[in-house]
Amino acid sequence: MAYPSQLGFQDAASPLMEELLHFHDHALMVVLLISVLVLYIIVTMVSTTLTDKLILDSQLIEIIWTILPAFVLALIALPSLRILYLMDEINDPHLTIKTVGHQWYWNYEYTDYTDLSFDSYMIPTQDLMPGQLRLLEVDHRMVIPSNSPVRVLVTAEDVLHSWAVPSLGIKMDAVPGRLNQTTLFASRPGVFYGQCSEICGANHSFMPIVVESISLNHFKDWVTFMIENE
């Protein structure tokens, strides 16, 4: 999760987030090089009084500063398109979870099992246990198996919401009357935090998301426990 004074992204917990981090570093380096070049040209033009008539009217320079930006855009666009297609790819998911946004809590329905669904509310500050995070902890976490592709169907019951978990590289709008889908793949066990990323009303800041990734054997035990206590 994020920590105070953090400047970069959260640590990646999925292959998709790793790709996003690599693309961010790639694009940032391109922007940095362009900024240094432009700054150097500005400083040079301001600090020197020398001019050249070939620079004032040169077809070669116009060709260069037309082709070079196009090349830079292609250098950024091609990796971006690759990641966009990877984000839309859903290949044989092992589990499907339907996520419904309400004012102001989430409902999770495990569609591969009979009658396995629950609501997820934020734990009030006065009820927190030692070690739990304020405004981020919930009473029922969304539990998924690690190293397994999971399809998440996202919708809303009342107003616009957005289901987002930064460390997993997931952010999907929850729109009433529309069913959006995304995929997540947790590459390691852990607990990953997120929040509704759409301004959905007075308690928008109080509907956190907690995804817990556990091993497949422990996930089977959790499903059995939940069904028996439903």
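Backbone N, Cα and C define each Cβ position, glycine as well.
Sequence annotations record features per position, and here TrEMBL assigns domain 'Cytochrome oxidase subunit II transmembrane region profile' to 1-91.
Annotated domain 'Cytochrome oxidase subunit II copper A binding' per TrEMBL: 92-225, in sequence order.
Residues 72, 75-76 of the same chain lie 6+ residues outside the transmembrane segment (27-51) yet bring a C-beta within less than 8 angstroms of a C-beta in it. Taken from TrEMBL, the feature transmembrane segment applies to 27-51 (among others).
Summarising the annotation, TrEMBL assigns transmembrane segment to 63-85 (among others).
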DSSP residue counts for the domain 'Cytochrome oxidase subunit II copper A binding' (92-225), split into helix, strand and coil: 19 helix, 60 strand, 55 coil
